[in-house]
Amino acid sequence: MATLLYSANLNDCIARWREEGLMVFGPATTGGVSGFQEVKDAGSLDLDLILTRSTLKELFFPRTEPMLGYRIGKQQIETEEFRPPEGRRIIFGVRPCDAAGMQVDDALFDWDYHDEYWFRRRDSSVIVSIACTHADDFCMCTSLNLSPDSTKGSDVLLRPLLAGNGWQVEALTERGENALASISSLLKEGGDPTAPVADVPVKFDLEACRSWLADPENFESRFWKEISERCIGCGSCTYLCPTCHCFDIQDEGDTYKGIRRKNWDSCSFSLFTMHTSGHNPRATQSARWRQRIMHKFNYFSLKFNVNSCTGCGRCTRECPVDMGVTETLQAISTLQR
Amino acid sequence: MKIVATRDEAPGVRTMRLEFQDPLELEKFKQAYRTGMFGLYGIYGEGESTFCVASPETRNDYIECTFRKSGRVTAALASAEIGDLMTFRGPYGNRFPIEEFHGKNLLFIAGGIALPPTRSVIWSCLDQRDKFGKITIVYGARTVADLVYKQELEEWEKRDDVELVLTVDPGGETPDWKHRVGFVPTILEEAAPAAGNCVAVLCGPPIMIKFTLASLKKLGFEEENVYTTLENRMKCGIGKCGRCNVGSVYVCKEGPVFTAAEVSSMPQADL
Ligand SMILES: Cc1cc2nc3c(=O)[nH]c(=O)nc-3n(C[C@H](O)[C@H](O)[C@H](O)COP(=O)(O)OP(=O)(O)OC[C@H]3O[C@@H](n4cnc5c(N)ncnc54)[C@H](O)[C@@H]3O)c2cc1C
Ligand code: SF4
Ligand code: SF4
Ligand code: SF4
Ligand code: FES
């Protein structure tokens, strides 16, 4: 016997969680753009989407975030520290690849200096993922040693029932168990069969790619220029990636009052590494694309023992010139042979 | 932090001495600061900028920084006055392993505005002079006016336990210039300090570093005995913003101090 949640009860679950003071977020579409939004009822959820356009990451690491406010008076400077909101949240209907992305950024934000902006939100959120029964051509979780029913980074995993009328429920963490405890009366026991997970073919040999990337000989290979000549440096692939985490710090305001903010940034932008002298270590777009690939599949994996890519495929799906990680790694795979 | 003194070093280059307002913060700084580290210095409304801590760990009840006015933040800092308040985050990064230099001869080589990080090591060593052998300082700038720390250069010149070699690029000399004329690597090769039992500390613009490393090699220096600092663009200083990487190295955390051997194992195109 397994624990089941029938779709018919989802609305009541959301209501129950909200009564307990939890905010409920899930995939939803507004103005044609999908992302994780706060929802009041099950009807607002768009659970058929393969993936939302923007990722879960935004709920933990906003596009722009105030760090401190300042006000300059005649004699003194007053400052106010902004802290991330404390509210507890349930994020329902996450895809396994996005959930796995959380663990990647956990590793970075916990490296040496424990980043409160990230972990306050992380520690007060429950991630409820749904295994995928559908994928598209861009999905490639299996190429990254993940799967459409990966449990990495989730607190609860739901597996769709074959009949399409609900999910089998599995708590993976204590936080997940607590979230389920508050809706226990809405859960049922049953032996309903679950639907098979999506078939996601493996697209490249990750280990072979990694060893090619790790070889210093290949750093200045012509390959980089050839594979990335089309890139226009728009940064979409980094902004839509669940694991990309680079940011800038800027003051917004005037000499008297304002806010010091943390804003998303991207290694695809030419000013990202520009020295004041005008020297730019990554002066060409191909050097910047190489950095993105190297960072994800070589440097990050060396340092944190996890690849900084979960195979969601967004970078390829949304790239205006049809580039992406998939194509690059596939090409590297063929260079191997 | 409060600006307690300022000094104009060269056109557009200024040194500021900063004092902590809060004794607890001062204590934390004293515990943490070691020569070689850097900080993020800021002015509200303009932002933050990375400079080394130019004062040595042997003089740690204040911070000195020397910066060139080159952009938004440095322009704001340049117009700040004594008594004004500014922000400081740090100290961040690693340090020069000065204990490992004990008993050795020291060679300092700096170009232009890169004397500040070198200066912090120079003073750390001069403040415990008996622990080291011969100390040679080779410093060059484009023109006489561009030399920074002119007072200290005079002071070092007068000391008989320091050999100071000053140079300016050809054409940068003035009629009364008494020192060398020529590029740092050439002058270094002429001065020909002995490589045996000697540690070299080298700071300067990337192009100068490149040529000077070649000269040091000619003089017989092993890459393991040459230290330098990398100054990639930084924002966070704590290994999060992803900007300062050279290969898999986060310069803000694993640097800014590296041996030349470490630097040559990094992807050169990323430097
Ligand atoms: C470890 C370390 C130690 C350092 N130590 C020193 C030191 O002791 N002294 C010193 O003088 N310097 C030092 N530097 C260099 C120093 O950080 C820079 O000179 C400084 O950040 C310039 O600051 P700024 O804020 O005035 O320039 P910014 O206004 O921040 O601009 C910096 C540069 O970024 C580019 N840029 C930024 N935004 C834009 C835009 N919107 N459009 C076009 N271009 C843009 C430009 O190239 C510009 O010149 C050090 C750097 C590092 C990493
Ligand atoms: S990449 Fe895998 S986990 Fe992600 S949406 Fe596609 S099938 Fe699901
Ligand atoms: S790869 Fe595509 S999405 Fe990414 S920066 Fe280049 S053009 Fe933009
Ligand atoms: S690199 Fe591309 S496929 Fe990988 S996690 Fe980021 S957006 Fe998804
Ligand atoms: S300065 Fe942010 S990672 Fe190094």
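Numbering starts at 1 and runs along the chain as displayed.
Placed from the backbone N, Cα and C atoms, the Cβ positions cover glycine too.
Unlike curated records, TrEMBL annotations are generated automatically.
On a predicted model such as this, the values are computed, not experimentally measured, just so you know.
Annotated in TrEMBL:
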DOMAIN    A:221-252  domain '4Fe-4S ferredoxin-type'
DOMAIN    A:300-329  domain '4Fe-4S ferredoxin-type'
Report, as numbers and ranges, every residue of the chain located at least six residues beyond the domain '4Fe-4S ferredoxin-type' (A:300-329) whose Cβ falls under 8 Å of a Cβ in that stretch; write 'none' if there are none.
51, 53, 55, 95, 97-98, 100-101, 103-104, 107-108, 111, 136, 138-146, 203-204, 206, 209-210, 214, 227-228, 230-232, 234, 236-238, 240-244, 289, 293
By DSSP, what is the split of the domain '4Fe-4S ferredoxin-type' (A:300-329) into helix, strand and coil residues?
14 helix, 0 strand, 16 coil
Quick one: DSSP breakdown of the domain '4Fe-4S ferredoxin-type' (A:221-252) into helix, strand and coil?
10 helix, 6 strand, 16 coil
